[in-house]
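Quick look at what TrEMBL annotates:
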- 45-111: domain 'HMA' (DOMAIN)
- 1-41: region 'Disordered' (REGION)
- 852-886: region 'Disordered' (REGION)
- 123-144: transmembrane segment (TRANSMEM)
- 174-194: transmembrane segment (TRANSMEM)
- 348-367: transmembrane segment (TRANSMEM)
- 379-404: transmembrane segment (TRANSMEM)
- 685-704: transmembrane segment (TRANSMEM)
- 710-732: transmembrane segment (TRANSMEM)
Amino acid sequence: MRGGDSPAKAPAEAAALEERLLPPPVTRSGDAGAGGGKRGGSKWEKTYLDVLGVCCSAEVALVERLLKPIDGVRSVTVVVPSRTVVVEHDPAAVSQSHIVKALNKAGLEASVRAYGSTSGGGVARWPSPYVVASGGLLLVSLLAPLLPPLRWLALAAACAGAPPMLLRALASGLALALDINALMLVAVAGAAALGDYAEAGAIVFLFTAAEWLETLACTKASAGMSTLLTMVPPRVVLAGTGEVVSVRDVEVGTVVAVRAGEVVPVDGVVVDGQSEVDESSLTGESFPVPKLPPSEVWAGTMNMDGYIAVRTTALADDSTVARMQRLVEAAQNSRSKTQRLVDSCAKYYTPGVVVLAASVALVPLLLGAKDLKRWCQLALVLLVSACPCALVLSTPVATFCALLRAARMGVLIKGGDVLESLGEIRVAAFDKTGTITKGQFSIDGFHVVGDKVEMSQLLYWVSSIESKSSHPMAAALVEYSQSKSIQPKPENVTEFRIFPGEGISGVINGRQIFIGNRRIMARSSCYTAPEMDDHRGASIGYVIVDGDLVGAFSLSDDCRTGAAEAIMELRSMGIKSVMLTGDSRAAATRAQQQLGGVLEELHYELLPADKVSLVGDLKARAGATLMVGDGMNDAPALAASDVGVSMGLSGSAAAMETSHATLMSSDILRVPAAVALGRCTRATIAANVVVSVGAKAAVLALAVAWRPLLWAAVLADVGTCLLVVLHSMLLLREPAGTGSWRRRGGPPEACRATARSLAMRSQLDGASNGGAAGGSVRREPGCRCCQKPRKPFEQEHAAVVIDIPAPSADAEHPRATAKGDATGCCGGARVACAAPTTVTSVNCAPRGCCGGKGKGDSRVSARTSCSSNGGGGAARDPPKKAGNGCNARCCSSGK
Ligand SMILES: Nc1ncnc2c1ncn2[C@@H]1O[C@H](COP(=O)(O)OP(=O)(O)OP(=O)(O)O)[C@@H](O)[C@H]1O
Ligand SMILES: [Zn+2]
């Protein structure tokens, strides 16, 4: 679905929505068909547990081995960074407390997370008695030089802190796993046997204390995860009766009451009342959004003031927030490329080092070496270093924090791999309608062509057929007809069809009607295409009835607030932006003008397949490609790109599924923010890996070159673990984004949000405005390199064909003139600026022609159609870029 700037839909869409909601009668819970029931009838329930004992991937296997064999447990998911275990089980067969007991027997410190709680349940704020006792005793033992018997207290410190370690080592031993606790205990025993009591005490204390600190550090992340997972209240109030029922028992079509201060429990449309809703939990948007019938509201958002009655449009399990939670969960468990690499190394690392440690101790012994104690200490240092804990944590914790950060700012990213790809992006391709523009058209003109039909008849046909379409143009056309007192009758339309990239058709009273762009004419066997070129850059539509052109209209749409800034921000990051649109050249150019000419390439009149091949082309010539689209005709291109980002919140089930990331709000500025977050994450992971490997290497080098220091080895082990966690958590804190426009004194976040909120309000008030468009971006951004203002886009039809010549090829390109420098850039060092866009003027390029195409390096907008193209099949062929990238018919028929 195309995300509008406001959830307030055009009347037609709202009506369609209502229609969608009305049919299912309100059957209350407890209905008989529980058998295959998706919710109420399902016996499986999910329990979220906080498990403090999960410190690295070693425990994942342990938890699985403990829980999976239990009868009634269907699936076990361990989210290491937030120390969460999600168990899907049959409550009749196995209770929550049974599961908790099973985990606690192995010393994993598990507790059930309460539904609706916002903090990670039993997170230890204070160190356990074991840590305190061990620390206290160790401290006193430091006085041993004064009073030698005190050295025994160090041994006591080791014993005092050891029980939890012992318990876990035992449990994992029973599960045939070698974990860090066991390794540490061997080291403690070894140190004690060698008479290094202080070392033994230090190992235990450092290890247990660091674990506690790590748990503390994870609290924040855990809390974030919990808020995501438990935003929705468990109970709802039915509007009619005031009855309180479980949210899982609410059927589609039920009307529920949401009072001020309450969280909306289900997705739905407002049918009564008026209020402002804080959607920040879902969209990251910090300003409340006004709601009145028939606005859409989403589960998990907060009703700030006023009462609203909401008719539900989805079951609790299918709500946007539930889908989002599933995606977040899946994302956290999907392992990225880096992580898979680290994990596969770690698999061999531990056994390898243990074998090495054993041979370092045993070989000198067998050979009768002199300095046996030193060899043994070296072996212990190796043993302590055998846990690649920090290395294993370096990727997932960073990924987790970044995903959480992204979710909080309203970007849903489907996993670590996507985050890593985001960090590599070189090109961003934007869809126009609904992505760069608002997708809210206004009609500039509507005309009868010829004298075969009357205006009222034409409007009736158009509005009736368009009522069945969800294209943004359709809403505008229906609204226009209604403003002329013509009521659409979609029920009279038969054989309704959608032609992607062309338009729609239907039959009313036996008359075949086509509505769409120039391409639909060929399909409708109408070859009398008038040259209707709108000089204000509107999209032109045609109405063809039984093969005769009877009507034409033009409509326009304005750019989203922030679109130009987003593209500028990307450019400052060295990423070039291009437009891929199904709309006309005029409309594409108009959007480019509104943006101040910031886009580097425009490709227009594209079919969905053309978008795919252009994405492939961009990938091949520029590198990793990001595609932002509204997820309908863009779906194939979204899937084909390295990172596909879908826009919008409402009804975007399909979009959420096909894309790699979803913007939960329509704020396009989140795109550069997400890319920046991806880059930040990559840098964080790299630093984590360097630190965790470096620390181990340093300790080992020290042990070989100077003396084996057991406590230093332990410190390097647990210290780097802690460091990695803390460093990764910096990702949570920073509102990710290079924020260069902020640094440059751009508008503060609050101002933009206020502007958006005001825009939404005015839309809610029904204040639709024309071309002047308060929200459109008309300012002319300056060049990033030299700060000098860009040249205005003086030529109305300028951006037809865009070449990105390689610097050396400039000479071969006579058309790359000063006039053609659309960006007016100084040509400074930055990548984005160094390749100035060149524009062929309309005079030298025939309409739609590549204008004499470059020699190999010329980049031409992929066009597939000219005014006539015979059958529909031919029009669908993806653009052939071979040679000149221009289709011959197009060149020869240029006007
Ligand atoms: N319901 C419709 N009514 C009238 N024209 C339509 C309709 N649907 C599509 N069209 C025509 O087909 C063209 C291409 O549509 P398509 O959905 O592929 O792209 P778009 O939404 O205009 O642009 P973008 O690709 O930037 O989102 C539209 O510009 C319009 O001219
Ligand atoms: Zn679109």
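Quick reminder: no glycine exception, Cβ is built from N, Cα and C everywhere.
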Are there residues at least 6 beyond the ends of the transmembrane segment (710-732) whose Cβ is under 8 Å from a Cβ of it, and what are they?
-> 55-56, 81, 184, 187, 191, 196, 199, 202-203, 206-207, 210-211, 213-214, 217-218, 220-221, 224, 377, 380-381, 384-385, 387, 389-390, 393-394, 397-398, 400-402, 404-405, 677, 680-681, 684, 687-688, 691-692, 695-696, 698-699, 702-703
Where else in the chain does the transmembrane segment (685-704) make close Cβ contacts, counting only residues six or more beyond its ends and a cut-off under 8 Å?
-> 338, 342, 377-378, 381-382, 385, 388, 390-391, 393-395, 397-399, 712-713, 716-717, 719-721, 723-724, 727-728
Apart from its near flanks, which chain residues at least 6 from the ends of the transmembrane segment (174-194) lie with a Cβ under 8 angstroms of it?
-> 55-56, 58-59, 61-62, 65-66, 155, 158, 162, 165-166, 168, 200, 203-204, 207, 350-351, 354, 373, 376-377, 379-380, 383-384, 386-387, 389, 710, 714
Under DSSP, the domain 'HMA' (45-111) has how many residues in helix, strand and coil?
-> 21 helix, 22 strand, 24 coil
